[in-house]
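Each remark here refers to the structure printed beneath this line.
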Amino acid sequence: MYRAHPPTILALGESLLPQFFEALQTHNLAISFDPFIIPSMWESEGEARGGGREHGIGCLDPDRHDGVESDGFECRNESRYASSDIPSDLLVKVRGASFHLHKYPLLSRSGRMNRIICESSRDSELIEVELNDIPGGPESFELAAKFCYGFAVDLTASNISGLRSAAEYLEMTEDLEEGNLIFKTEAFLSYVVLSSWRDSIVVLKSCESLSPWAENIQIVRRCSESIAWKACANPRGIRWAYTGRPTRTCSPKWNSGDSKDSSPGKNQPVPPDWWFEDVSILRIDHFVRVVTAIKVKGMRFDLIGAAIMHYASKWLPGLAKEGARGSDDAWNQGGLHLTVAGSANKEDLSSSQIREQRMVIESLISIIPPQKDSVSCCFLLRMLRLANILKVAPALGTELEKRVGMQLEQATLQDLLIPSYNRGETSYDVDLVHRLLEHFLVQEQTEASSPGREPYPEKCGYDANSRPSVPIAKLRVAKLLDSYLTEVSRDRNLSLTKFQVLAEALPDSARTCDDGLYRAVDSYLKAHPTLTEHERKRLCRVMDCQKLSIDACTHAAQNERLPLRVVVQVLFSEQLKISNAIANASLKEAGESHLQPMMCTRRQLLEGTPQSFQEGWATAKKDINTLKFEMESMKAKYLELQSDMDNLQRQFEKMASTKSSKQSLSAWSAGWKKLSKLTKITSAVAHDKGAQIPETGVAETTRKGPRRWRNSIS
C-alpha cells in the first residue's frame, strides 16, 4: 500500500498523475490518503513548522512473502532479529551491525544474495555473510531486508538514494520478481522526488556518501538537472517552499545572517536569488554539477557569480571581511567549519583540511563565468590570497590573476595587500601585483583595439554606461598603485629595482598628478636612509616634477632627503606654474582672456609667492650662488694654469730654436773650412803643372780651370 499526503499527489501535475497511478496499479500497490502520516514538504510554512518538517512522503507495503511470518525486526544492541517462529539460518554483517535473517526471503528477491547463498556450504545450518561495501550501510540494508520480508517501508527523501543504491547493489531486479525494489524506488524518484525542489536538494545531499553508486545510477545527474530547471524558472511562477536568503543581506554583498524558511505569497515577490541558500548546502562537486547545469539552461551570469560568492562565504568563511559576518552558527552551518584569516599560516591547518579547501577553491575558480564583473574584484582578490596559501594549481592561479586584472580598477588597497608567504623576501607579494598590472594593461589594450564591441550585453541586465571609461579606469589603477607603493615602501627588504619597476609599470598618461608617487618615493627614502646619491637620483626618476601640485612642491623644496638636482627641478617647474597662474589671474581680472599671458617682474612674482615657497627658493638660490662662486674660482685657477702653460711652452720653443741655430752655424763653418783647404790644394797643383805645359795648353788649361771650379762648387 502506498500512502501519501493529498497535496503531494496533486503537486505532481496533470501530466505526471496518470503515469504515477498507472505505475502503482501495475504493481498491485494500493494508495490511500492519510492526513496523519508524515507531513509533506508541500505544506504551507505554518503547517510545516507546527507539525515538524520531515521529508517522508510515502510508504511501500508490498505483499507479505509466504513461508515466513514476522511482525518486524527486534533490535538488541547492534543486532537485529527477525521476529519469527522459524529459527534464523542467515547471519549478515554490515559494518559492525548483525542481521539474523532467513535465507528464502532474501534469495528470492536479491540476485547477489542468491549467488552468495548458493555458493555457501549447504551442510551448514547458519550461513554468515559480510556486506561491508553495501551503499547506505546498515540502515539501507535493513530497509531492503524489510522489503524482502514484506514489511511496510517508509520512503523519504533522506533514505531513497541509499535504498535505491542498496537495491542496485543487491541486484533486486525485475528478473527475480515483478515490482521489485529497484523499480519501486525508481518510480518514487522519478514521480515524487524530482518534482519537488526541497526533496531534490535533500536527495542530492544524501548522495555524498554513496559514491560511486549514486553517480552510476544517474541519481546525481537527474537531481542536478531538476534543481537547475527549477532555479531557472520564472520567480513569478514559483509556488513551492524554499529556504531563502537571510533578511539582512542584499545580493550579492558579503554579509551573512540567520536563514529562515520562506514560501511565496501573493503580496511578497520571490527574489531572483531565492535558490542560493538551498544550493549552498551541497558538497562542492555536487554544487559544481548544479551550477554547470544552470549555465546550460541560460541563467544570467551575474546571478551565477552571486551564487558562487554566497557558497564561498559559507564554505570558506575566511574570505569574508571582518565584521561582516553574522553569527558563528550561521557561518558554520553546512560548511567545512574552517576559518582561514588573512594572516593565517598554512601550518595551522591539517593536511585533510588543506586538501578540502584547495579542492573547494579550485572548483570555484573553474566555474566562475567568463564574463567581466560576474563576481566582485574583492572576492577574486581574497580567493587569490587563499589560493597562494594553499598552493593551488598554477594554471588556475594564473586564470584567477587574469580575472583580477580584468577589473583591477574596482580593487581596494586593503585587498591588494596580499602577504608574501616566501620567507626571507618582502612582507607583501610585490611580484603578484606587478603581474596583475600587466594583465590589466593587456585587457585595456584589447578593449581599446575593439571599441565597437559591447562587453556587456543588454539581455544580461547590466548597464554598460555605469562602467568607467578606459582613461578613468587607468586613473583609478594609478591612484591605487601609488597608495600600494606608499604602503610597501616601508619594507626594508624591498629593493630599489622592484620599487622602480612597479612604479614604472603604468604609462605616463595614466597619472595626471604625481603627488601619490612623490609620497611613495619620500616614504621609501625614509625607510632606506643608506641609499647613495646615485640611487637617490635613480629613484626620483620615476616621478615627473612638472606633475606635482603646489603643496607637494612646497614639501619637496624643504625635503632634505631629495637630491639637490631634483629640488632645483621642482622649484623651476613650480616657478613656471606660479607665473602662468598669476598671468592668467591678471588676464581674468582685466577681462582680456584673449591676450597673451602678461609678463611679471621678479618683485611681483616674489610678492605673489607664498612665504614658505620664498624661504625654500631663498635656500636654493643660496646654494646655487655657492655653486657659481666655486665654479668661478675653478675657472680662474684654470686660466692661471693655462697662462703658466703657455709661458712654459714659449720658453721651451725659444730654447729649442737657439740650439738648432748654433748647430747649423757650426756645420756651415766646417764646410767653408774644408772648401778653402781644397781650393788651396788645387791652386798649388795647377801652378806646378803650368811650367811644363805650352802656351796653348796654358790657355786651354786657363779656360777649363774655371769650369772645373764651378763644378766643384756646384
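We count from 1, first residue shown onward.
Note that Cβ sites are derived from N, Cα and C of the backbone, with glycine treated the same way.
Range 624-658 is the one annotated as coiled coil, of 204-238, 484-518, 519-553, 624-658 (source: TrEMBL).
Among residues of the same chain six or more beyond the coiled coil (624-658), those with a C-beta under 8 A of the stretch's C-beta atoms are 568.
Per DSSP, the domain 'BTB' (88-157) is made up of 27 helix, 18 strand, 25 coil.
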